[in-house]
Amino acid sequence: MQCALYDAGRCRSCQWITQPIPEQLSAKTADLKNLLADFPVEEWCAPVSGPEQGFRNKAKMVVSGSVEKPLLGMLHRDGTPEDLCDCPLYPASFAPVFAALKPFIARAGLTPYNVARKRGELKYILLTESQSDGGMMLRFVLRSDTKLAQLRKALPWLQEQLPQLKVITVNIQPVHMAIMEGETEIYLTEQQALAERFNDVPLWIRPQSFFQTNPAVASQLYATARDWVRQLPVKHMWDLFCGVGGFGLHCATPDMQLTGIEIAPEAIACAKQSAAELGLTRLQFQALDSTQFATAQGEVPELVLVNPPRRGIGKPLCDYLSTMAPRFIIYSSCNAQTMAKDIRELPGYRIERVQLFDMFPHTAHYEVLTLLVQQ
């Protein structure tokens, strides 16, 4: 992939950009095999990759510069701002949005937050696009609600310029720390969730719910999990750390009992909406801590699917899964190091199948799906 920002030394986020994709995949596969070297693996499936540019459905832009000339991008470690509107990871559809946002910031008087001076209001612009209909969700992350009335007043102009903006919100993040969002979300549109669709499964994205940033590869990840589950004798499963329900909604069948657990209420609201649309009455989604839920249950499902954050599922949940002993565990991980550590804590299981998904091209990161079977 050619990137003018990288060539000019202005951005180094894509550390592997100079390597061809096949070389990147080989290096990632070697890393994964090294991490799982102590475990016999029955089947290594071929790695899955997607487009090498224009694949991201989300932009997280630090706002800097002045209210008249805002910059959207990032801050270097020394505080120097960098405009990343031309980043080739973004689809072409993002360019007109960034172009309209810059004059809008001036119109609404949204002074960019100055980290050094601890002054200003607009900290971040967060943009998400649906692959199914091109609709977009735009979030303004502000230090306070001081400029909220001005923003509301100026908003009709922006909506006229960009009718694709279906969901618009203000998030209040008052603390002087590099935290992307605060707890308070104020909706400026009637619509509160963005409609998405992977493999004919309706999914919903709300402002504070996690959603994969590479739809082309994520849809293949969910479809693969569905195929693996369909090959197993499973009538009852848990989907832990389920997010908006991507895995569970793909894997569920009308006669399957499925419980999805996620700590974020926003994500659970999305999952419930999708389940209702699909008419899947035996699906339950609850906003709880996954470990606390699992350890409080008396019943044992045949399959537990886990999709934890980078820290992994941790020893308490590993210990409980070992005791509870479901016949199958499917582990989806964005950090193979913590996954390998967790598998070490599950000695009663063997690795049946592993597949790497290149969710993050041009970086060392990847997603991996692993099927564990009780020994």
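Cβ from N, Cα, C; glycine included.
The [4Fe-4S] cluster site recorded in Swiss-Prot comprises CYS3, CYS11, CYS14 together with one of CYS87, CYS242, CYS251, namely CYS87. Within 8 A of the CB centroid of the [4Fe-4S] cluster site residues CYS3, CYS11, CYS14, CYS87, the other residues of that chain are LEU5, TYR6, SER13, ILE17, LEU84, PRO88, LEU89, HIS362.
The two recorded residues CYS87 ([4Fe-4S] cluster binding site) and PHE241 (S-adenosyl-L-methionine binding site) have their Cα atoms spaced 31 Å from each other. Checking each of the binding-site residues (CYS3, CYS11, CYS14, PHE241, GLU262, ASN307) against CYS334 (active site, nucleophile), the C-alpha distance stays within 10 Å for ASN307.
According to DSSP, CYS14 ([4Fe-4S] cluster binding site) is assigned to coil rather than to any helix or strand.
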